[in-house]
Amino acid sequence: MSDGLHPAVVSAQPSQRDEKNPDAPLFEGEYQDRLEKILSRYPFKRAALLPVLNMAQQVRGWISPDTIKRVAEILELSPAYVRSVASFYTMFQLRPAGKYLIQVCTGIGCDLCGAEDVVEGLLKATGTRIGETSADGKYTVVEVECLAGCGFPTMVQINDRMYENVKAEDVEGLLKELD
Amino acid sequence: MNDEKKLLNVTIDGVELEVPAGTTILAAAERVGAVIPRYCYHPGLSAPAVCRMCLVEVEGAPKPLASCVQPVQDDMVVHTNTAQARKARRAAVEFLLMNHPLDCPICDAAGQCELQDYAFETGQLKTRYVEPKLVMGRDKVTPEIVYFADRCILCTRCVRFMDEIAKDPVLVVINRGQRGYIDTMTGELFENPFSINIVDVCPVGALVNEDFLFKARAWDLDQTASICPGCSQGCNVSLGTKEERIVRAKPRFNPEVNSYWMCDHGRKTVINWGAGARIEVPMARDGDELKPVDWPQALDALSEAIGNEPGRARAIVSAGASNESLFTLRRLMEELGSDGGVFRVPTGPEAELPGFPKLKLRRDRVPNAKGAELLGFQRSDAVFDSAQGHRGALFVLEDTLEGAPDGFGTNAELFVYIGTRLNPAARSADIVLPSTTFAEMAGTFTNFEGRVQRFEQALRGPGLARPWWLTGSALLERLGAGGRYRTAAEVFAALASEVSEYEGLNYEVLGLKGAGAPGSSAAATAG
Amino acid sequence: MAYPHAHPREVRLLSKYFGDEDAIGIEGWAERGGYVALEKALEMGPDEVTEVVKESGLRGRGGAGFPAGLKWSFMPKDGKRPNYLACNADESEPGTFKDREIMRWTPHQMIEGIIICSYAIRAQHAYIYIRGEMVDVVRVVNDAVVEAYRKGYLGENILGSGYDLELTVHLGAGAYIAGEETGLLSSLEGRRAEPKVKPPFPAQRGAFGMPTTVNNVETLAAVPHIVENGADWYRQWGTEKSPGTKLFSCCGHLQRPGNYEVSLDFNLKELVYDLCGGPPEGRQLRAVIPGGSSVPLMTVDEIDCDVSYEGIEAAGSLQGSGGLIAIDDSACLLRSIRKMVDFYAHESCGQCTNCREGTVWLANILRRIERGDGREEDLPLLLDVGANMAGRTICPLSDSAAVPVVSGIQKFEEEFVAHIKDGTCTAVR
């Protein structure tokens, strides 16, 4: 089964979908095909680690210890090594998040232009605290470092979507748009 | 390739010297006696240059350089101890101590801690860090090694040992920045036959062996150069002893044998060697009973028994006995007419250290099988068969006699047991002589490839126990069969003049790193 | 004047089609003159291409300003080992958002530069290491790469030249330090993005242990223009030491934040007050950071200089990545500095002692001063900790973290003193 993706771009597929299935099989069907395409782009297996973790996260929504072991097996690495690498990068979710992972940039550019109010608004609207998933499992709000959109403050990323110029008063509308 | 051999001029702290191209500043500095402090650098591992402790000033360089990785360049002028270099070091120590719990009073590493040493040396006694400290706690990484995250300075020596030397990358850094710590795969403990080396390489008290935890303070330990008796590899070790007990063994560097490493089995063997109830006094048979006697009485009894011509001598020896003791027994047996001796070798699975493949936990779990062989003893899987029904003189040297058949030795005209523990089979001996373990005497073992290595005395033997070579040579003197030896070195000299494989060797040649017997596969590499 | 705030005083080489939806796809890009430079380059020898870039004086736009052509010339030509190009699209320096816009509006401009550079350095495989968080931009780049393959600009025998090149888009996963050259290479190899000691330099031992050139998106995007029009043409802008144009990402307290492309001899003060329109109505600017959070703060009095590498340096800061952050009198400068230090503490890879511990220490002191618990000895302490972090580590992140603190104290001491002595802030609310 092929997913039609060009091998050049298989290693760069955004990985935070709305639908998360923590028990989905890894590396089967179209993902088997993707795995092979990823491996074809690097001179050795270890180099495929970030793309493969990314794909695993796309499939399951987060990187569980079980996922780590599977990835280690596929790439002939030790599970500890894979855990170490995964824990280095902030985009790998080593804990399950809500359906919508809401990342608010609070870097200097956005901070100067009211990011704090946006965070506050989002926490109020979702009834959560930073990093905590709302009771209905829908939202997790986190502060992140600079999202490289300092000219369009405040930058907010929700799963695979980027929102620019978000103001505190936009928060309600933003959350409504998600459903 | 020629470049490698090219010699470069370098001036270190005013001393000029020549070093081969590729030498690091740190290595060059050691040659002129300038020891540059370091944490992440370990001579047996790659150098990541992350602790930033070994910074030195190089003339013409805009910034201080990490001496552990910086290769010497021709006409380089290095200063290891300028105000700038000292400030850099003091800063690194201050940074490392920011979150350090300073729990030295209960830390196993206290007294052998490089953080303590350099904190003292750099003179930064009062911290300027007044913010709350980060507290992370502790966890096990193997069934017996505990990791104290708060003491850890993230030098990654342990990570690199497991990755580069054990080639079993089970230990890693988790997270990044100040939230980093060392761990295994989530929720798993790892097991590796060489795991305890990570405790040795830890420059602080972050990784500690539960076996040693709270048992002793480092400064209370006496250190003695020795050889691990755990297998036929002959790892060079340093025995840490306290109050006449071995508390631990740590590897002693020997590039020909074990580099900086040793296996876990060896460490445990060392600690347990000679444990349990010991024979503390000589004993002689009086009817049905073995009665304690003093040494003169014991030797009287023995020389009398030998005078009665008990017949040809057979022996069961231990391959854990020293060359000196085995040689002494051989001499005695020759006096009586030797009928041959045997030894047995317990075995176990082999384990190689992949990053230093010369080092293996070897199948033969005794230190001196090769030595026993060279002295004419036969390796046997059925040592008791030869003694069975033997009617002459029977000597058992340090074999435990575990598994001996009922009635062992009862047919012998004379049964002499020389050893450390009185197992039931030994109770039928006519004379029992208490001997000492490898830790309680000086001597040599010959490892699997014929390398002869000395060990020094670390402990006193219990009670009246004495090395067999000492009592044996006293006996030989009485029998008019040779001079009395007062030191193990003298016995070895006699051995070397008699046994061709040891020709040309003596204790001075052996030094503390040993030497291959000439003609053996480890030919003459005296260190 | 479409793209957010284009200005007639700009020199729009790279940014000409920002805001033009039709320039994104390959057809539209070709209509706008795309891939002409590639055809020209493929007719030249690889070393000839390198020579042109060398002569143009193009300097690396990622922050360090190293001459691009010179960097290319370090690559081995013997073909004994594979050579690689890594396009650094991991833009994450706070205040910088120019690469994002190049990729978002003109992905083919970058791809064309990548192909030309790969040809010049004899690479058979190039990687775009793109920041994972840029989800929208990633999609644009992916589409453009696939288009370029379909058109025969990538793959085997490009435009019949006999030259083969594979290009792979590689997604980062959230680590600022992966934008550092050796950190990027570590990451590309499936490791933690930990920087490595140099030497060896990437041109000797880079990606996968092979010779590698690492260039920033903006650097590579400038290459087609230079190859097409020549070195002299490019040198009509800028200064002798800083030829050409550069994108400045301007953010913070400005009337018209956004990307502005100017000749490298443009005046910084005019960039801030004329192009960006200065601070919002009724506000006064207090500080300008001209090159991303890693460069020293400037007072408003200092910014009357040209934006060349040497011009900004002479005025007391650095051009860095061209991420200009303007801070007006409504902001607590101490908080802004602390936010920047927090960033470095969060992003420190943690290998080097001084950086791992120093970044957090600085942030903790600043936070305590902000809270009103500052002590007089904190100022000399901050400066000394900063000094102990600078020039002592494998990569410059540690230096970067100390920069806002040290320059902040040097230039805005009154802000710190007000917090420490009176528990007040000099900000005008």
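The backbone N, Cα and C atoms fix where each Cβ goes, and this holds for glycine too.
All TrEMBL annotations are machine predictions without curation.
Computed from a predicted structure; not experimentally measured.
Quick look at what TrEMBL lists:
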type	residues	note
BINDING	A:Cys105, A:Cys110, A:Cys146, A:Cys150	[2Fe-2S] cluster binding site
REGION	A:1-26	region 'Disordered'
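Listed in sequence order, A:Val104, A:Val118, A:Cys146, A:Leu147, A:Cys150, A:Pro153, A:Thr154, A:Met155 are the same-chain residues at least 6 apart in sequence whose CB falls under 8 Å from the CB of A:Cys110 ([2Fe-2S] cluster binding site). Between the candidate binding-site residues, A:Cys105, A:Cys146, A:Cys150, the densest Cβ environment within 10 Å is the one around A:Cys150. In the three-state DSSP classification, A:Cys110 ([2Fe-2S] cluster binding site) falls within a helix. Annotation note: A:Cys105 ([2Fe-2S] cluster binding site) sits in a strand segment as assigned by DSSP.
Each residue in the region 'Disordered' (A:1-26) gets a DSSP state, and the totals come to 6 helix, 0 strand, 20 coil.
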